[in-house]
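Structure first, commentary second.
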Amino acid sequence: MQHLIDKANTLMEALPYIRRFSGKTIVIKYGGHAMADEALKESFALDVIMLKSLGINPVVVHGGGPQINETLKRYGIVSEFVKGMRVTDAATMQVVEMVLTGQVNKEVVGYLNQHGGRAVGLSGKDGNLLLCRKLLQEVRQDDGTVESVDIGFVGDVVKVNQELIQTLEHGKFIPVIAPVGVGEQGESYNVNADLVAGRVAGALRAEKLILLTDVAGVKDKAGALLSSIRLDTVPGLIDDGVITGGMIPKVTCCVDAIEEGVRKASIIDGRVLHAVLLEIFTDVGVGTEIHR
């Protein structure tokens, strides 16, 4: 009997969150280990479908770095990175677009649909969903000066066609977006998936942005998870060395999204089964929430 009572208590805990998020949009960046492990893939698909069935509008933006690396290796193309960004020449861009739009996107869409969803795959080129310009990477030189480096067909999103996404939402579909953007001349751009998720969330004024990662969230210097971070404390946490390395662009992405109108953003542990549901519908969550 106790386990039944526990289930009832879990449902009661979720009720205010179901009411709060009903009719709202949640943008989820899907990547990392959650895309490789079969149990986690199924868990993610069921979480997204559950959100839709509860009247919430999930929008999925996926990555695909490991799949890109594998395919580039097969073609004998060696990747170079500048501050974590892949230098993307024309040959590399062809592979990136092929993998993200023709392989990974279709796999994610197929998995959601196999589990009862109504997912529709998109790239940023469809309906000019993600209009981009070339991103120049700033690199600090030995003499302290900062130089803008051209890293090829790497883009920054300057405009999101939110009408296309909203049309799909109103039709009860789940948009699944590959992070390939389009330039003014029709050229393709490789765009960081976290950046795409943040820009899409901002354009939609989403209730929440969720980034799935392979870590528990943001930790303090003692290694303890910071479950909540106020927006105005982020610069100090970076200066103090609490937020470091690859976590800085993720947190910055969340900050930018909130400043563009997103209510809250979370960096969560995608290695946890049903991490999305646990983050949204429980009091504690499974990562770090960033808010005003």
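Using the three backbone atoms N, Cα and C, a Cβ is placed for every residue, glycine included.
Keep in mind the model is a prediction, meaning the values are calculated, not measured.
Annotated substrate binding site per Swiss-Prot: Gly64, Gly65, Arg86, Asn190, in sequence order, evidence recorded as sequence analysis. The DSSP secondary structure for Gly64 (substrate binding site) is coil.
According to DSSP, Lys29 (site 'Transition state stabilizer') sits within a strand segment. Residue environment of Lys29 (site 'Transition state stabilizer') contains 30 other Cβ atoms, counted within 10 Å of its Cβ in all protein chains. If you look up Swiss-Prot, you'll see Lys29 (among others) marked as site 'Transition state stabilizer', on the strength of sequence analysis.
Annotated site 'Transition state stabilizer' per Swiss-Prot: Lys250 (among others), in sequence order. Secondary structure at Lys250 (site 'Transition state stabilizer'), taken from DSSP and collapsed to helix, strand or coil, is helix.
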Around the substrate site recorded as Gly64, Gly65, Arg86, Asn190, what other same-chain residues have a C-beta within 8 angstroms of the site's C-beta center?
Gly63, Ile68, Val96, Leu100, Pro179, Ala193
Going by DSSP, is Asn190 (substrate binding site) sitting in a helix, a strand, or coil?
strand
Could you check which of the binding-site residues Gly64, Gly65, Arg86, Asn190 is the closest Cα neighbour of Lys29 (site 'Transition state stabilizer')?
Gly64
